[in-house]
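Trainee: Dropping the structure in here first, questions after.
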Amino acid sequence: MVIVPRVAIGVDTHAFESGRPCWVAGLHWPGQDGLAGHSDADVAAHAACNALLSAADLGDLGANFGVGQPEWSGASGVALLTESASRVRAAGYAIGNVSVQVIGNRPKIGSRRAEAQRVLSGAVGAPVSISAATTDGLGFPGRGEGLTGIAVALVYEAPDA
């Protein structure tokens, strides 16, 4: 049997919203402004969802958990990621890994990277790596207006599917 991998990229972007709790990479960041959105607006978890769903040809975050589905209003990124991984497996795919990069000035991911990787890997049921970058002051992330998450996911047909 030949295993044919499927790879997809996922992106998510949100603006900061004063007074909202900040959730990024499955972690709460006290003292930081949160991100505006239908759910917790966790750009890392949402980008991972988009990558996983796309790799399995299941659409995107909006099609699966969008504003037209009020039961997902306020949902945590970890809950959305857990459900996305479940849907990928139900479609007959196994998950190889996910890699996520958070782009923005804050919060500083590096000090909690291992913790974030544990949380997101637990949600996916497969390895998730996290990295971060700034834009050297360029664009909306550089101006401190919001964050972007970019992810890539590898899935393959499950041998017993």
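Going from the start of the chain as shown, residues are counted 1 onward.
Glycine residues also receive a Cβ, built from the backbone N, Cα and C atoms like all the rest.
Not my notes, these are from Swiss-Prot:
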- D12, T13, H14, H38, S39, D60, L61, G62, F140, R143: 4-CDP-2-C-methyl-D-erythritol 2-phosphate binding site (BINDING)
- D12, H14, H46: divalent metal cation binding site (BINDING)
- H38: site 'Transition state stabilizer' (SITE)
- T134: site 'Transition state stabilizer' (SITE)
Trainee: Can you give me the same-chain residues 6 or more apart in sequence from H46 (divalent metal cation binding site) with a CB-CB distance under 8 Å?
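Mentor: Long-range Cβ contacts: G10, D12, S39, L61, G77, L80, G149.
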Trainee: Measuring CA to CA, name the entry from the recorded positions H14, H38, F140 that ends up nearest T134 (site 'Transition state stabilizer').
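Mentor: Its closest listed neighbour, by Cα, is F140.
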Trainee: Which is it, of H14, H38: the one of these recorded positions whose Cβ has the most other Cβ atoms within 10 Å?
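Mentor: In terms of Cβ crowding, the pick is H14.
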Trainee: May I have the list of same-chain residues other than D12, H14, H46 whose Cβ is within 8 Å of the Cβ centroid of the recorded divalent metal cation site, in sequence order?
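Mentor: Everything else in range on the chain: T13, L35, G37, A41, D42, V43, A45, A47, L61, G77, L147, T148, G149.
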Trainee: Where F140 (4-CDP-2-C-methyl-D-erythritol 2-phosphate binding site) and H38 (site 'Transition state stabilizer') are concerned, what is their Cα separation in Å, rounded?
Mentor: 20
Trainee: Around F140 (4-CDP-2-C-methyl-D-erythritol 2-phosphate binding site), how many other C-beta atoms are within 10 angstroms of its C-beta?
Mentor: 16
Trainee: If you measure H14 (4-CDP-2-C-methyl-D-erythritol 2-phosphate binding site) to H38 (site 'Transition state stabilizer') at Cα, how many Å is it?
Mentor: 10
Trainee: For each of S39, T134, count the other CB atoms within 10 A of its CB; which of these recorded positions has the top count?
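Mentor: Sorting the candidates by Cβ neighbours within 10 Å, the top entry is S39.
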